[in-house]
Amino acid sequence: MHERSLPASPNWYCSRCSDVNSDGLLGVGAKNIIYLINVSASSCRVVGELVGHKDLVSGFSFCQHAGQSHVCVSSHSDGSICFWDSHSKTLLSEHAAHQNPVSAVHWSPVDKNLVVSGDEKGIVVCHWYHTGDTASFFPEPRTIFCLTCSPHTWNVVAVGYKDGMIVLIDVSKKGEVMQRLRGHDDEIHSLVWSPVTGEDTLYNRPEDSEGSSSAGEERGCYLASGSKDQTVRIWSTSKGKAVMTLKLPYLKKRGSAVDPGVKERLWLNVHWPKGRRTQLVSSCFSGELVLWDLTRSGKQRWTLLGTSSDSQNHSRIVFNMSSVHLQDDRELLLSTSMDREIKCWDLASLDCCWTLPTLGGFVYSLTFSPVGAGCLALGVGDNMIRVWNTLTTQNQYDTRSFWQGIKSKVTALAWHPKKEGSLSFGTDDGKVGIYDVFSNKPPQISSSYHRKTVYTLAWGPPVPPMSFGAGGKSSYSLYSCAGEGVILQHDPSKLSGEASDIDKLIRDTNNIKHKLSPHTDLSWKPDGKVVAIGNEDGCIDVYQAPSLKLLCSIQQHHKIINTLRWHHDHSSPPELHCLLASGSSNAIVYMFCFCAETPPESPVVLTEPYRRLCGHTAKITSMAWSPHHEARLVTVSYDGTAQVWDVLQEEAVSNYRGHVGYLLCVDWSPVDPDVIWTGGKDFTVQEWRVSKQEFTKPPKGKKMAELREKKRTNPKQKKKNNKASGAGGAAAVRDEWGASYRRREDCDGTGAVLYGFVSVLPDTNLLKKKKPRSMLPISTSMDHRPKEELLQDCITLASVKHTSGCVPGQGEHIHLGLFSDRQALQRMFESEEEGHVEAGHYDSVVYLRLWSGDVEGALQLATEKGELNDHLLSIAPMAGFKVWSQTVEAYVKQLCLQEQYLKAASHLLSINKLYEAIDLLHSHKLYREAIALAKARLPADEPILKELYSSWAAVLEKDGHFSAAAKCYLASGASFDAAKVIARKNDVSSLRAAASLARISGEVTLAQSLALRCAKDLAAAQNWVEAQEVLSSQESLLVHRLHLCVTELLSAILADSVVVSQSSVSSHPWASPGDGHISIQDRVRVVWEEQFGVSQTSAGHHSARALLQELKSVDSPAPSASIPFRQVLLYSSLHLTHSVLSWLLDDDEQLIKELWQAVAWLRDSGHFCASAEFCRLLFPDGDVTVCSGKHPKTLHLTGEEAKAAANSLQAFVHYHRLYECWWSISARNQKIHNGLSVSAAGDEKLDLDASLLLSESHAACQAAQRSIREIQERLAAMVLQHSRAPGGQLGSGEKQESFLSLSSKMSEHQKQLADLPETIKMYPHPDVVECCLILLHFTKSSTSVSESLQQEAKDLLRKYGSSPSVLKSSRPFLT
């Protein structure tokens, strides 16, 4: 816990951003934190913060009810409402009832659970603390500025709007508007209810006599409002109008006039103290507070607070007021203002009791005066310096503010080591000055400005050239180190003189030719004999004064040096005087010891530290040695903590964690060994005791959450820093913790109107046009010297004109070259060129050479430095064709490096390098532009065109742009490749387009294959019409059209018979199911003849022989159950097509074989019902020898295979008919079974030759095949058992004999199978055993089966029905 603290400034332009409870605890919203301050009549103390929300606090209110006064509520700019416990300092709950920034919040004085809030869009929300419920109202479509709950009636709320309207609403009636109070014509800044009810008090005044009410009129309550129109109005709620208007008095401050612009900055806050019927407090134009007596008139009506002293009043407008009755019966008024002060007033005496200063920016620097004990100077980001007398007993916060001549963030401070009250300061904009804090004079400002932020100031002995001359010079010089990496030496007695850069002395003394690393920090040893300088590259150089001879170079750090500190030299052993502490952007603090009695002849390089202090987890920003201890150091870091170290023991002593955010500065109290002061990002300065800290070391692995949050909420930060880094030097590197958090972090990204910024108006500097860089900076800078030197220049120039004197244009007289002859001007140009080259401004050098007439030299330099542009190219012809051509080529290379390839190619055309321009575009993959250029300039048969098209096509094909690639292939004459690349998409439209392209281009074979692929995909999708259209474009694909025709017919007939369920996308009229008594072969012949012109008499390409020869090229795989049904139909119809073509050729044997194959495809693929229906379609009469009824045809078969195929086909036809009869008997009343059409019930006669189904040869073949399958299964099981058995051995000899016997049995069966005729195995019959069982079952209900046939079936069952299931089924017939 800290002792004393200066908190962050309260937020500006909020109607209620501070409040005090009955216990004297003041809550103030500053940025996104609420500071809690204990107040009394004599003093105040910051006791804690409410931290946990990320967005700006826009309102704050305590619950004023007994037992609940520790609970408070805050509103935020993101629309959220937060409830807090001020005792435990924790967030109780958070609600997001608003969608817009909340502008006002108030806890009802009547209902302890009601909180009312309003946002910028006019939404009013009631929050019930005990239940968490909310209710939203929209009384007026206006911007809410303030609101207040009635202290007398829980449901009445007054709302003030931006346009001057005041509305009273009833929250118990859904926000119903009770009254609209009109009178103000500008923003309502504050509303406050009279603390007592009734409107009697003011009615007897003469000026309001016309408004007096009758005795029976309703009792109301007064409401006071403060507006930007400079008036305070008292409203009668019973009459609904204003009864009094108070105009603010103009109070002229002593010695000053009324600022005419002060009206624009007016914020009129009003407060009605409890128990005071007729007294009202309001703010005024310039921060004054006025107590109004509502019973009086004229000047006697108001009394100014704080008249006993000029310094008691606020100096700028007041935003919030609240009052509290203490236990000693004193009533205190607390006010917050734009002057960044919180004041406490005694309402009895109207005097200021105390003032608490607050801070409106990062605390960049704090330092105690070495002369004035306890005098602490603070450098803050709100453009002010505070000097705090920390040892005063009467006022614990006795501070003075200094702002004159600063106008930027104060980033560095340093007290003069001997002269009391002399305080030097450095700012964010590079300014260095000295304040005398004991006078009211403005500061002395150095005429030498840094280009970037000043990080470090240090007093030390003067070094050359300031140490030369008379002895009356000051014994101390002021040294400043800034973001550009330069250290300047200022003469404090003559700040108007030019400061010297110590780099020149370092170079001359140490004979250094190379560029010095940018400097980032410096520290003089207390005895003034040695100075340590830290650099951007992490190196620390130690120099001997006054010559600045390099004594030592420390190469331990590898990141930018942020802070250096020498150990003090009072009351400590001499060996400690040589200790140098260093902190950089890594987290380790290093100690180095320099104990050499005599300077070394050559610089020493140190690579090992004397001590190493490890514990911080982020970069070190500042450090301080204890003046009371030996080798005790305190360091602060980006990890948000301050760490006290025992350096010699390398031990952590104490760790302070009271800040919110990273720390930037630290100093040890000069009077109390146990007290340390720190400041940082959270806008606070905190005093704390080392002995009272709970922790010893920093938190492990904790990387500043606030820093990460800032980087996330400020995405432009990185870009800005990178830009600065490119501009040069240490600025960007150190900007991370130095003044480059000028990214408006001081105002939290919300703008100046909310809090803590210098002005509410936009920064006019941002709106100004950037001044161009001077072409002659050296001579220009010399015209900004002191008056005496400028006058001397006139005398010198006159002597040159009339007599011989100096040489103008060089040396100290460079600038005079502009006023002398041409030779002098050329010399000045040469010097200016050298300066531009050193600064890297090569474009300026180019223009200077152009002005001199050296066009070729200018172009050559611009070429070397990559600074060519269109303007230089336009003047290049002045130097001749050769130079112009070379310049164009160089500019083309430069443009290619800048990736401006089109522009580069255009410039190549200007020098007639067409092929080079095309090649440039081609090499950078600008194919479209390269082709356009080539076609526009070159003949059509140029080979490079084909190469460009081919290259582009390859890239497009690789990227999947197949259509564009095909166009390129076509343009290059590669039609085959064009069709192939389009077909890669492999969808129907692509395949069709590819087939058409190939056909048009004459690629017949490719066109056929692509058309077939497309037609197959369409057929698979049942899109028969488009499939035929695709094939019809190729005359050579007629046989495939016939095949698709057969497939479509077969699909339509099977779908009609409900065997399969398929929905066709499109079909032909001739594919209707038709008459079921006509065989499918006859239907096929009819359609072929009518639609395709194919018959027995066709000739040429339409002849059956030619078509059959083409069809043989189509492969048909072996049937499998895994093939989809649509594919099965395709293959089955292929064989049916073969059979019809064979029929047209009168090839009976091939006809019957193909028919058998067509039926076998459906049967072997597992589609039993479809196979049965197909057999019925092929042979409506059940006789396979009768091929057609329409075209009389009886098969004449002579070959064994053809006969076997016919027998097998006839057997399967009988087999399906047998099942049909059996099912008909089993279910007489059913007409459809499993997709098969059956005859009507009652037909029990078996109308087929069943003897064909009882073939003993086929029974023997099937029995042998079954036995082989059974033995194979048993052998596989035994092998599996053998592999799983331990040791891989069979269990017994019995099993081994079984294995051998099974093998021998399988050999016997295989031999039997081999002895059977091949035709039996090639054309199998239905399962004979199965047919025997069905016949025997059939005899139970029919007498149509002869006795001999029954006996034959039984004999076959006894002989071949050996399986257990067959034995079980045949037992009723064989016993």
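Quick reminder: no glycine exception, Cβ is built from N, Cα and C everywhere.
A TrEMBL annotation is a machine prediction, not a hand-curated record.
The following features are taken from TrEMBL:
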COMPBIAS  694-709  compositional bias 'Basic and acidic residues'
DOMAIN    24-201  domain 'Gem-associated protein 5 first beta-propeller'
DOMAIN    816-1024  domain 'Gem-associated protein 5 TPR'
DOMAIN    1082-1233  domain 'Gem-associated protein 5 RBS'
DOMAIN    1249-1285  domain 'Gem-associated protein 5 RBS'
DOMAIN    1296-1361  domain 'Gem-associated protein 5 RBS'
REGION    200-220  region 'Disordered'
REGION    694-731  region 'Disordered'
REPEAT    222-245  repeat 'WD'
REPEAT    613-655  repeat 'WD'
REPEAT    656-698  repeat 'WD'
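Note on the repeat 'WD' (222-245): residues 158, 160, 164, 166, 168, 179-181, 183-194, 199, 202, 208, 211, 213, 263, 266-270, 272, 280, 282-283, 285, 292, 294 of its chain, located 6 or more positions outside it, place their CB under 8 angstroms from a CB of the stretch.
Residue counts for the repeat 'WD' (613-655) under DSSP, helix first, then strand, then coil, are 0 helix, 23 strand, 20 coil. Counting residues per DSSP class in helix, strand and coil order gives 0 helix, 17 strand, 7 coil for the repeat 'WD' (222-245).
For the domain 'Gem-associated protein 5 RBS' (1249-1285), the DSSP counts in helix, strand and coil order read 33 helix, 0 strand, 4 coil.
Taking H, G and I as helix, E and B as strand and the rest as coil, DSSP gives the repeat 'WD' (656-698) the counts 3 helix, 19 strand, 21 coil. Mean model confidence for the domain 'Gem-associated protein 5 first beta-propeller' (24-201) is a pLDDT of 93.
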